[in-house]
Amino acid sequence: MAVNPEDFFNPAMLDQPRDTKNSKVGSNVTNINVINFPGLNTLGISLARIDYGPLGVNTPHIHPRATELLTVLEGTLYLGFVTSNPNRLFSRVVKKGDVFVFPKAMIHFQMNLAHDKPAAALSSLSSQNPGVISIANAVFGSNPPISDDVLATAFQVEKKLIDWLQSQFWENNHY
């Protein structure tokens, strides 16, 4: 495949807020990675803008191939990650200008604490294709679904609750 100068430019308009009103979780992630920006190939970097509506959440997820460095552009966020064994939560409230790091492959999340104002952040990731696995989507929205017997045992709840959770529409806010 031939490389051309356009591969090294992306009119991403990351200065423009994205719509969060049509999102069930109140957030919208705009990814800039090798898939939509070929010039990043082999460079080991990518970027994402996250917009949060009032009380919007970027739900628990992981990036299997990247560490994430998040900078708050606007607003106040509650965020954190969970380590592996023991499952310890490292969380913090951060504000405009603050920076927080999520280690590679750790479950992490963010939530806008404002009831009446949007928030925004910019994430730098240490891979041109960091990947994303949304925990709820993976567990309850897989196709084909994970056996409700397995999930009922894992979560120690009745199968009816698992069946209900699996019947919900699981939204992807990572575009």
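A Cβ is built for glycine as well, from the same backbone N, Cα and C atoms used for every other residue.
In TrEMBL, the feature region 'Disordered' is placed on 1-22, out of the ranges 1-22, 23-44. Each of the binding-site residues His61, His63 was scored by the other Cβ atoms within 10 Å of its Cβ; the lowest score goes to His61. The Cβ of Asn58 (oxalate binding site) has 27 other Cβ atoms within 10 Å, all protein chains considered. All chains included, 23 other C-beta atoms sit within 10 angstroms of the C-beta of His108 (Mn(2+) binding site). Annotation for Glu68 (oxalate binding site): spatial neighbours Val101, Phe102, His108, Ser123, Ser124, Leu125, Ser126, Pro130, criterion Cβ-Cβ under 8 Å with sequence separation of six or more.
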